[in-house]
C-alpha cells in the first residue's frame, strides 16, 4: 500500500505561536497562579492534556464570558480563536492578568470589522455556529454583525443598510465561503466582499483537493472539534472525490477503511501535533492487510513530546 503524505499539512504558525505563548506562561514564575486557558488553546485534546501536565488548566463551556465567570483569580490566556471586547473588559474588571494568544489572522479580521463598523457598515459574517472564532468576531457588535453558515441563512437576512460587508471565519472551506458569498452578492449587489480564509487553511485545502485525487481513501488526523480538520475531510470528499475519515490519533483507524486500499492519503489539521500524525503515517507504512500482526493501533507518543520547545533564559 502506498501512503501519500499530503503537503503542506499540520501545524500553522498561529497555532505554534499560541502554544509557545502558553508554554512560556507555564514557565514564568512571576505570573499569578492558577493559570487558565479560556477554552481550548487550539482544538486538540492531546495539546490540552499536555498543558494540564504543565499545570495549565483548560476551562471549557458554552461561551467565553460564561467560562470567565468561573475564574476568581490568577492568569487567563485567550486562545488562538480570539475573544470579544466584552470578554477582555470583564477579565480586567475581575482583576485577572491576561495573555492574548489570538492568531494574527483572526486579529486582522477583527480590525477590519471594527473599521467597517466605525464607517457605518453592517457585517455579514460567514462562520460555524457554536465555534469560538465567530463568537469572538460577532461579539464585537452583536447588533450589527450577522452570523450565517449556509445559503439558507443568507435568504433569511433582512438588512436595510446600504453599507454592507461580508467576511468570514478564517478556517472555513474556501469553496463553501465562495458559494455563500455569491449568494450574499446576489441578494445584496452593493455588498463589499472581504474573503479572509487564512493562507495556511487555503494551502492545506488546496493540497488535499489536488493530492487526494490519486488516493482510494484519505485519513485526516485532527480533533473532532477542529473546524479546519473537518473541512479537510469535506474537501477530500467534495472536491477531490475521495472518501475521507477524520481521526484523533492512530487508535481510531478502522482496518476496514484501508484493507483493500492501494493508495491512502494522509493529512492533518492545523492544530494536530506532528508526532501524532507521524505515528499514523508510520502505522500505515508498515500495515499489511494479510498480516494481523501489523494491525495493532496504539498511541505511544508521550505528552511531553506534544508541545513545542521554548527557549529558556540562561542564568547569568
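Every residue gets a Cβ built from N, Cα and C, even glycine.
What Swiss-Prot lists as [4Fe-4S] cluster binding site is 12, 103, 198, and the listing cites sequence analysis. Packing around residue 12 ([4Fe-4S] cluster binding site) is summarised by its Cβ count: 24 other Cβ atoms lie within 10 angstroms of its Cβ, all protein chains included. Secondary structure from DSSP puts residue 12 ([4Fe-4S] cluster binding site) in coil.
Under DSSP, residue 228 (isopentenyl diphosphate binding site) is assigned to a helix (H, G or I) in the three-state scheme. Sequence-distant contacts of residue 228 (isopentenyl diphosphate binding site), defined by Cβ-Cβ distance under 8 angstroms and a gap of at least six in the same chain, are 171, 201, 204, 222, 269, 270, 271. Marked as isopentenyl diphosphate binding site by Swiss-Prot on the basis of sequence analysis: 43, 81, 131, 226, 228, 271.
Among the features that Swiss-Prot reports, dimethylallyl diphosphate binding site is placed at 43, 81, 131, 226, 228, 271, with the record citing sequence analysis. Around the Cβ of residue 226 (isopentenyl diphosphate binding site), 25 further Cβ atoms fall within 10 Å across all displayed protein chains.
Long-range Cβ proximity for residue 131 (isopentenyl diphosphate binding site), meaning a same-chain Cβ under 8 A and a gap of 6 or more residues, is found for 81, 169, 227. The (2E)-4-hydroxy-3-methylbut-2-enyl diphosphate binding site annotation in Swiss-Prot covers 43, 81, 131, 170, 226, 228, 271 and rests on sequence analysis.
Residues or ranges marked as active site, proton donor in Swiss-Prot: 133. Residue density at residue 133 (active site, proton donor): 25 other Cβ atoms are found within 10 A of its Cβ, drawing on all protein chains shown.
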Ask   = For residue 12 ([4Fe-4S] cluster binding site) and residue 170 ((2E)-4-hydroxy-3-methylbut-2-enyl diphosphate binding site), what Cα-Cα distance in Å is obtained after rounding to a whole number?
value = 12
Key: Between residue 103 ([4Fe-4S] cluster binding site) and residue 170 ((2E)-4-hydroxy-3-methylbut-2-enyl diphosphate binding site), the C-alpha gap once rounded to whole angstrom   = 10
Query = Long-range same-chain neighbours of residue 170 ((2E)-4-hydroxy-3-methylbut-2-enyl diphosphate binding site), Cβ under 8 Å, sequence gap at least 6?
reply = 103, 105, 106, 109, 133, 196, 197, 198, 201
Query = Within 10 angstroms of the C-beta of residue 43 (isopentenyl diphosphate binding site), what count of other C-beta atoms is obtained when all protein chains are considered?
reply = 28
Key: Site extent for isopentenyl diphosphate (largest Cα pair distance over 43, 81, 131, 226, 228, 271, Å)   = 15
Note = Around the recorded (2E)-4-hydroxy-3-methylbut-2-enyl diphosphate site (43, 81, 131, 170, 226, 228, 271), other residues with Cβ within 8 Å of the Cβ centre, ordered by sequence, are 42, 80, 133, 171, 225, 227, 229, 269, 270
